[in-house]
Amino acid sequence: MGAPTVRWALLLAAATTLWLAQPAAAHAMDTARTTAQAAGTAGTTAQAAGTAPVTRAAGTAGADAVTRASADGRVVFIGVPGLHWNDLDPARTPHLWRLAGQSALGSVSVKTVGTVACPYDGWLTVSAGVRSAVGHGCGLPPEPETRGAGAVVPGFQDLRGLRDGTYAGTLGQAVHAAGQCTAAVGPGAALALADLEGKVDVYAAEPAALADWTRCRVTAVDVDELITPYLSGGGLPAEPEALAPARREEAARAADAKVGETLAKVPAGTDVVLAGIGDHGTMPHLRVAMWKGTQATPGALLGTTSTRRDDIVILPDIAPTVLAAAGIAAPPTVIGVPWHPGAVLTLDEGVAHLRESDLTGTTVRSTTGLFFTGFAILQVSFYVTAYLLLSRRRRPYAVGVAALGVASIPVSTYLVNLLPWVRAGVPAAALVGGVLGIAALIVLAALAGPWRRHPLGPPAVVAGVTAATLVGDLLSGTTLQFNSLMGYTAVVGGRYYGLANIPFALLATAVLMVTAVAADHLVRVGRRTVAVALVSTLGLVAMLLAGWPGVGSDFGGVIAFVPGIAVTAMLVAGRRVSLVKLAGFCVLGGVVVTIIAVLDHTRPVASQTHLGRFVGQVIDGTFLPMIGRKLGAMLNTMLSPNLMPIVIVGLAFLVFALLRPAKVSAGLVPQAFARAPMLRAGLVGALVSGVVGMLVNDSGTAVLSMAVSLAVPLVLYAGLRSPMPEPEPGDPRPDTLEPHGAARTPA
């Protein structure tokens with residue numbers, strides 16, 4: 001293939017990217033970054049309904065429930081769909097504000113199965129104890145049919161027949177199994193407490209109509225005044241219009257009045273659990289969570305082991321929290337865990353913190369699509385520009401700086417969370433500006449030290465900063481990945497802790513590239529065995545951190561990391577890697593992650609991560625639906641307009657730079673490999689991990705695209721610093737940027 005053909009191919013890819021990365025950008029990145037939400041797993045004890053939850057040890061759960069019971073074993077759950085911490089105000093919502101002052105406070109991630117959780121889905125999830133959804137146009141639950149003092153939820157068996165409604169009735173059935181009755185006020189409450197036949201023992205349409213609040217140990221109240229103004233024809237429109245501030249305040253006052261009416265009737269000594277259990281628009285939010293009770297210290301932040309966050313809980317946690325307050329054992333299918341109080345703040349501090357947490361998550365979510373579109377355009381533009389210049393045998397200094405710059409952007413999306421960008425006047429602008437500023441600082445550091453004199457020095461700095469940042473984040477609770485542009489948010493709810501798929505790709509690539517640089521030096525001084533040991537040891541440590549339960553908790557990452565480490569180590573050792581050996585390394589990765597998952601499964605249920613629960617699903621034969629969803633999510637990313645161009649253009653540049661070095665890259669890539677042979681080992685290992693990761697992770701293309709976006713620019717920089725080969729006969733003479741014929745290379 002001649003140079004003109006290559007040039008047109010790359011330009012065509014760039015044009016295609018600019019055309020594709022338009023209105024679909026935000027939606028595409030929601031798919032790529034939150035494939036876990038489509039698959040129903042990823043770093044959280046929550047899972048999408050339709051996947052049978054793992055069985056818990058009943059004795060352990062029961063003991064936990066009894067120890068957390070309220071003084072008289074009575075609890076009232078109040079569901080207020082759409083309730084946001086911004087709605088609370090001491091003047092406008094005095095009852096809610098007073099309750100907040102008496103309660104432990106948190107935010108509830110209302111993620112169910114779809115992108116936005118409607119109230120019906122929220123109530124159904126409370127009933128099921130797992131993420132659930134009605135699977136069609138969604139609004140409020142249906143009005144129950146009264147039967148004597150109680151009621152029956154119409155169409156309840158149809159709900160249980162849905163793929164995402166299989167476990168409806170779990171909460172109410174658990175209360176009945178304990179010999180207790182259920183009382184519900186409002187349609188949503190009836191759905192939440194219905195047993196497997198859709199029945200509740202006592203039902204009232206309004207709080208005033210419930211005569212005896214002491215009759216049943218578990219009572220639920222539906223406060224739908226805040227969500228009702230958003231409805232159209234009984235359901236939420238596909239794109240509901242935001243209410244004017246005055247109407248929103250009016251709806252909040254109405255909801256507050258009903259909460260006040262309820263609280264006035266709650267007997268003394270009763271636990272009160274309140275949660276905003278659904279969204280009302282196309283933008284999800286974190287909602288209000290409160291718990292007033294003997295186990296809940298007023299002012300304490302509410303957390304849960306489901307999220308491993310001190311201030312965030314999830315919808316499936318509500319059922320076990322209610323049951324624990326009532327002294328009732330949670331059924332084995334419930335995958336949430338009871339809330340627990342943490343650090344104590346003043347009321348004003350707590351509310352301000354929770355409001356800021358939601359603003360952070362929503363800002364990241366709304367900015368992600370445009371950011372990835374810009375990142376894709378930047379990557380493609382870089383490769384096209386580099387090709388146009390290098391094909392003319394130019395080596396301008398700016399190309400090397402740009403190579404380091406584009407490679408520094410991914411890690412900067414995590415480091416920016418060290419800054420209080422959310423408190424800026426325009427948080428999104430501060431977020432993106434902070435990312436670019438930190439990337440510039442990394443480039444300056446790479447080009448400023450004595451290492452700049454070696455072709456591999458600046459690339460090693462960028463890779464080292466990336467690896468150190470992600471390892472440090474894993475060891476400190478993943479506070480940098482959380483609410484980051486290339487990480488995850490509780491607002492989206494695909495993952496809450498651990499190593500996400502994009503950070504895995506960056507970690508694997510960075511570790512393999514930086515160890516390859518070290519190995520190159522060791523091999524040069526005749527210490528090849530030490531070089532192999534270094535690559536293997538550091539790779540193994542990083543792999544264990546990535547996959548270890550409660551640290552990285554990345555199932556697919558282990559499978560992909562092992563063959564990348566093995567291939568790099570073999571190439572450093574001077575061995576050839578056959579397809580059979582590569583397949584064997586992939587199998588080895590599966591064996592390693594299986595061992596880790598089985599070890600996790602042997603821990604108490606409350607301490608297990610999704611790795612251990614997956615073992616339980618395999619044992620009881622209920623894992624296939626989850627595998628199907630993850631496969632579907634992975635295939636969807638293959639069409640991502642933000643990710644595939646990075647893969648196609650980055651790999652195309654690399655391949656053609658090897659096949660037609662003189663025409664495409666002025667021979668710099670082969671020259672880089674000739675000068676630093678171990679660099680090839682690191683690159684090949686990183687690409688192996690990226691390809692395998694693409695196939696075994698539900699983020700699919702996102703994994704390979706991030707590996708390419710980091711590795712290829714670093715190799716290109718190393719090539720720019722390598723001696724320029726002699727021109728082929730007929731090629732134009734090299735253009736120089738410095739006087740006296742000295743081609744300038746990055747300093």
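Here the Cβ of each residue, glycine as well, is placed from N, Cα and C on the backbone.
Taken from TrEMBL, the feature region 'Disordered' covers 723-747. Residues annotated as signal peptide in TrEMBL: 1-28. For 369-390, 397-416, 428-448, 460-482, 502-523, 530-549, 555-572, 579-599, 639-659, 679-696, 702-720, the entry in TrEMBL reads transmembrane segment.
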Residues of the parent chain within Cβ reach of the transmembrane segment (397-416), under 8 Å, 6 or more residues beyond its termini: 375, 378-379, 382, 385-386, 389-390, 431, 434-436, 438-440, 442-443, 446-447, 458-459, 462, 465-466, 469-470, 473, 480-481, 484-487, 502-503, 506, 510, 706, 709-710, 713-714, 716-717, 720-721, 737, 744-747
Beyond the flanks of the transmembrane segment (702-720) by 6 or more, those residues with Cβ under 8 Å of it: 32-33, 35, 375, 379, 382, 386, 395, 399-400, 402-404, 406-407, 410, 455-456, 458-459, 462-463, 466, 486, 501-502, 504-506, 508-510, 513, 560, 637, 640, 643-644, 646-647, 650-651, 653-654, 665, 668-669, 671-672, 675-676, 679, 682-683, 686-687, 689-691, 693-694, 745-746
Same-chain residues near the transmembrane segment (555-572), Cβ under 8 Å, at least 6 residues beyond its ends: 499, 501, 504, 508, 512, 515-516, 519, 523, 528, 531-532, 535-536, 539-540, 542-543, 546-547, 581-582, 585-586, 588-590, 592-593, 596-597, 610-611, 614, 678, 680-682, 684-686, 688-690, 692-693, 696-698, 703
Long-range neighbours of the transmembrane segment (579-599), counting only residues six or more past its ends (CB under 8 A): 543, 547-549, 555, 558-563, 566-567, 570, 611-612, 614-615, 688, 692
